[in-house]
């Protein structure tokens, strides 16, 4: 056994020398030098410094401009809300515990931080699934007469919360548990032990299949079909410069979405799955800390990718920041056209990214 398992924690270090202590009571500087904990705290402070204003601006601009309250933007707004959960209820706690070198808020605080971090991440993930399905239905038209309306958007938002709660709530009630991970200053689902008392093995399998693999398959399928549909439309309308431009824009958008999704979650999921399938193997605290903390950056680039690349939202944001005037003079009509994706044929208004 290359780790030390306690009643409510797992330290990735053998206790042969007797130095291992509970991460709820003592600094964990035997796992890593104090300066490394300071780096984590500084990193979390940077995420808070960037995440709060970006996500606040997302919510504020949407509230200020009625034309942004479209069905599609409800899902984008949901991303902003869940990112706030991650920043306010997760990042602030992690920054504070990193400064102290251990999880100073005890087991209750660990469950609190782990729950909200998981909830925020899962809401974001399932929001991306709903976005992918919406893009697929509107652009590829598997149902010819279907129009994505406000009721569908609200159902999509409710769906993201239901699925997120289905992942984040069970550890609170005895199906798995939240424990400190990596350098022991942030909490997550227990991938480190089988812990039969809380049926940990079945929960981890359920989480990987239902809350990671299935969303990834859905997103890949929807955006793959979207790219094919756009290419077919461009081939049929070769003289249309606007369609060709729209094809490039949506292809770029899809590539950015897929790449950043993979960059954000695959390293964390891979490391967690490796640890779970290699119980008792030797690994250092940094092995889990780096991907876990990097995944938290999704609260920053999610709004950048899914909202800042939305031309209509971007124009409204500039107008808000510039006290009601847009110095760049972008035409709202063109912005509005990009959001009307329910037209009867695949055209610029359908394949634009917003």
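First residue shown is number 1, and so on along the chain.
Keep in mind that glycine also has a Cβ here, set from the backbone N, Cα and C atoms.
Membrane topology taken from Swiss-Prot puts residue 27 and residue 136 on opposing sides. Transmembrane segment is the annotation Swiss-Prot gives to one range among 181-202, 203-224, 225-246, and that range is 203-224. Within the set 12-36, 37-61, the record from Swiss-Prot flags 37-61 under the feature transmembrane segment. As annotated in Swiss-Prot, transmembrane segment covers the listed stretch 153-173 rather than the other ranges in 153-173, 321-341. The recorded sites 322, 323 differ in how many other CB atoms lie within 10 Å of their CB, and the one with the most is 322. Listed in sequence order, 44, 47, 86, 90, 91, 94, 117 are the same-chain residues at least 6 apart in sequence whose CB falls under 8 Å from the CB of residue 296 (N6-(retinylidene)lysine). If you average pLDDT over the topological domain 'Extracellular' (97-110) in this model, you get 96. Counting residue by residue with DSSP, the topological domain 'Extracellular' (97-110) contains 9 helix, 0 strand, 5 coil.
The topological domain 'Extracellular' (174-202): residue composition by secondary structure is 6 helix, 8 strand, 15 coil, according to DSSP. Sequence-distant contacts of the transmembrane segment (74-96), counting only residues of its own chain at least 6 positions beyond either end whose CB sits under 8 Å from a CB of the stretch, comprise 40-41, 44-45, 47-48, 51-52, 55-56, 58-59, 62, 104-105, 109, 112-113, 116-117, 119-121, 123-124, 127, 130-131, 134, 150, 153-154, 156-157, 160, 164, 185-186, 296, 298-299, 302-303, 306-307, 310, 313.
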